[in-house]
Every structure is written in structure tokens, then in C-alpha cells.
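Undergrad: According to TrEMBL, the record shows the following:
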TRANSMEM  49-72  transmembrane segment
TRANSMEM  84-104  transmembrane segment
TRANSMEM  110-129  transmembrane segment
TRANSMEM  164-181  transmembrane segment
COMPBIAS  291-300  compositional bias 'Low complexity'
REGION    291-315  region 'Disordered'
TRANSMEM  354-372  transmembrane segment
DOMAIN    365-486  domain 'Integral membrane bound transporter'
TRANSMEM  407-433  transmembrane segment
TRANSMEM  445-464  transmembrane segment
TRANSMEM  470-490  transmembrane segment
Amino acid sequence: MSEPTALRARAGTLRGVVPGWLGRSLRAARAPFPRAAAVRGALAVSVPLMVGLLTGHPVAGVVVGLGGLWAVGQDSAAPYKARALRIAALGGSAAAGLLAGATALRYGDAVVIAALLAVAGLVSGWVSVGGPLASVAGMHLLLGATVGTGIPVPGPWWAGPLELLGGALFALTLTCLPWLWRRHSPEREAVIAVFDAAERALSRAGTPGATEARARMTLALNTAQDLLAVHSSRKHAERPTSIGGLITAFRAAVQLVEAVTALMVEGRPLPPAVVRVPSLLAARVVPPVRAGRPAPEPAGHALARDGEPEPPFTADTPGLRALAEVYRAPGRSLTLLPDPPAYAGPRLADRLRFALLLGGCTLAAAVVAYLLHGPRGYWLPMTVAFLYKPDLGPVFGRALNRCLGTVAGVGMVAVVAWLVTDAWALTLVAAAFGAVMAAGVRYHYALSTFGLTVIVFVFIDFLGDDRQLLPSRVLETVIAAALVLTAHFLTRPDSWRVRAELRVAAADRAWRRYDRRAPAASPDERHQLRRTAYRRLAEARQALDTAGAEPHRDPDRFPVLERRVARAEQGCDAITAYVVAGGRR
């Protein structure tokens, strides 16, 4: 047996031994290396430490660096406006939490501190279920309170909160600096990604990889729709601005995806002239990086008598005729940007349940931490704040990867402590692992925890805290994970399964509504129905994948749900092909 064959055999054996839910928990995301995020992570953590050393205020440098660290951990590839709001909410809530925690530490005893953390947990849980922005604000309110009760910050009462807020604003500056010359870069890259995904889908038509390629095309379209949704299509679409051009390009992408879906339903391999159409189309409709510069004219295309470009293929099927129409006049039949489907807000019972659970876990963590370390027991409640975030994915997966990342981080800390003793050298260590943490946010939670643990070691050294406490942080991480998992699985053991079932039911309703209405609908309404149906299907797939990463008592239930989603996807594809072929009712 050859070595590659033997490796594949061993991998297959391992997959047979490791449960599917555990494998999903350990799986890393597929993404290109985020160079810009890594640079921001390095600068946001190390520059405040260097300034603190230069000015003789190392503790202030740590607090500013902590604000930058948290902000980098919540950065994303969203539009600059959304990223700015996210980091601003993080900084303000963390500063408020730090102020409350520091006040309790200065003027209260252990009972007051525990009560403050319990209240912070209640408020954090109540706020966090209100959406992505509220989730970030709620979590960092609790994190700020935890740090405030565990780390004495010298100076007047307002110094620590302002320093923490300043660190978040420094990270915000690093994040938004490219806005000056790349104002709508995230939106542009997302729109281009749709055309790239459409080209990959065409290249896989008539092959076993067609279904996965179509799903990736849907995800790319969902992402672009979300990023452009913050801009009003009515306000921008008809203006000669960069965002107006991107909205026009997105309209073309919506029509292109419909035609590509019809071609994939036809199920035959396509010639290169058809496969490269999305690239040719993107070169025509996606605005250039610099406004005012004309887009390059794609080489080699012919013009019809009416002046419209002639497609480089023979349109002899309904799908090819639809693709030819998009190529000639991209986006012409659409007048509005399809809006993402709206969602109902959280129920009062959901808010109350999560507030009580998080408050109870935080109180228990504070009591155990005080028994272990007295006033320096901030690690345990802080870990609870990081872990108990069901909206960010399976709680079990977060707990497992948090423990793995902490163990690896403590091992690296031992190496760093042996090799590095100079404070300036430690700032370089912080820069390196700030980059690791920022990259880990995009790849894997264990990797981001690994980087975070090493950075905390550097902070501890700057604060003059006891290094001997660091190995015990592994035990505290395990205790925090046990607290969170116990609360979660005792009260809501099937929460993700229920959520997956609700998502599948919503997807089923959406595609049936698309089936009923699309043949008689206007182009705008038809594309809105189709976008909603495919988005709901993608959300159902994601919810099933997430639910599969939790330990569950009914493993046979998930294949049933997956088959329902697969049938709904086939139904959506069929009605799309029917409408493209001119079917009317």
C-alpha cells in the first residue's frame, strides 16, 4: 500500500472512531489568510504596550492594549460603517463594565463583587439576544466588569474606562484607515465573489460537484446582499457613485445566478466560452477601485446591431438564452435591490431565560474563583463570559476549543518565559500572538484562544502579577466550561436541534411560496421570492451543520432534516429552471 493510500485509510478509520459532532467541533474554517487583520492585531496589542513603557505607565498600556485586543477579536469583513458601530458598541459597553467593576473592587467586599458580577451577567444575557450588535455589547459589558473586579487599575476612577475605550478606538482607527482610499472595498469584493462563484458553478455543471458549487454560489450571493443592505437601493442605485455602481452590479449578479441555476438543472457540461461569461460580465459591470476611471472593456466581444454585446456562445437552450440575455443587458429587468428577509425579535421568555442562566453561571464562577484565588480570580468568570454565547455557535464546541487553546497557550507561555525576560522583547511577543489571535478569529476558535492566552501572559508580566497562577488557568478554564455546559445541557439540551428544525420549516415555507408565486410574478418580485427561498435554505443548512456539532440524543433525526432540505433545494432549482424557460401560470 502506498503512503498516500495508507494515510487516507488511517484518516477514514479516524473518522469512523471520532463522532461526527466532535469532528464538526474541531473543523477549521476555509478562508484565505487575513493579512490585514493580522497586522491590525499585532499593532493594536503591541503599540499601547510600547507607549506605556516609553512613558513609564505600563499598567495603562496594558489596559489600552486590552481594549485593542477585544476590538480586534470582534472585527470582521463587513462594511466600514458596520465595523465602526460594532467596535464603538464594544468599547462603550466594556468601559461601562470596567467602571462598575472597578468601583465594586475599590469600595466593596467579596459579597459586593459577586453581586455585581451576577447583575452584570443578568444584564449581559438580557441584552445579548437582541442581535449581533447587542450580542457584542452585552458580552463586553460582562468582560469589562470581570476585569474591573479582578485587576486593580491605578489612577482616578475614570482613568481605566477611558484607557480601555481608547484601546478600542485605536483598533477602530486601524480598522477604518483603509476607508480613506478603499471606501467600499468589502462590498466590491463580495460582489466580485458572486461572479467568481458563478463561474466555478458553471465549470462544475453536469458533474458530481454541481450541488456544492451551487450552494457556495448562494452563500456568496447572501454575503453580498447583506453587505449592500446597509445602503438604500432607492437612494444610491441611480446615482453615478461607487456604491450605486455596485448595486447595479449586484442586480446583474442576481440575474446571473438565476441563469446559472437553470443551466445546472439542465445537467450537462458546458464549453469554456460559457464558463468564462461571469468573468467577462464582471469586467463590464463591477465599478473600478478608483471612481471616475472607466472600467476596462473586455477583449474580443462582438456587438449586435442594437449596440449590445453579443454573447460568445450559441444560445440553444433555455438556460443559455437566459445567460445570453444577462450578458447583453445585465440587470435591466430589475429596478430594486432585493432586501434580505426580516426576522422577528427575541421573545421575552428567551431574554429572561438566557439572562438568568448567564447571571447564575457568572455568580457561580465568581464564588469558585474567590475560593481559589481571592481577589485575583478574574479568569474564571471572564471565561464564562467568552464561552456562554449560543448565538456564536455550539456551546460544546466553544468550550472544547477554549480548553484546547488554553492548554496550548500555557505550553507556549512556558517556552516564552524561558526564552524572553526583557519587557521590550515581550512587546514583540505580544505583536506576534496578536497577529495569531486575529487570524484565529477567521480560522478556528482554538487558534484565537491560543494567541489570546499568550497575550494575557504578557499582560500579567506588565502588571507585575504572579506568573505561578498561569498554569492554574487551565483548571479554571475547565471549571468554567463545566459550569456553562452543565447549565446549558440541563436547561436546553436540544436548543440547536430545535433551532435547526425551525430553520428547515422556514425554508420549506419559503420555497413553496416561491413555487406558487414565481411563475406569475414580476421580475422584481420573482427575484425577491427566489432570494428569500435560497437564503432560507442556506440558513437551514448552516443550522443543521451547527446542530450537528453538539452532542445529541437523537442522531437519526438529522438525516431526515437534511433530506428535507435537499428536496427543497431541488424544488427551488426546478422552479427556477421552469421560470427561466418561460413557464407561466
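The backbone N, Cα and C atoms fix where each Cβ goes, and this holds for glycine too.
Note that the coordinates shown come from a computational prediction; the quantities given were computed from them, not determined experimentally.
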Undergrad: Applying the under-8 angstroms CB criterion, which one of 49-72, 110-129, 164-181, 407-433 scores highest with the transmembrane segment (445-464)?
TA: 407-433
Undergrad: Find the member of 49-72, 110-129, 164-181 that has more C-beta pairs under 8 Å to the transmembrane segment (84-104) than any other listed stretch.
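TA: Of the candidates 49-72, 110-129, 164-181, 164-181 scores highest.
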Undergrad: Under 8 Å between C-beta atoms and at least six residues away from its ends: which parts of the chain pack against the transmembrane segment (164-181)?
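TA: Hits for the transmembrane segment (164-181): 36, 40, 43-44, 47-48, 63-72, 75, 80, 83-84, 87-88, 90-92, 94-95, 98, 144.
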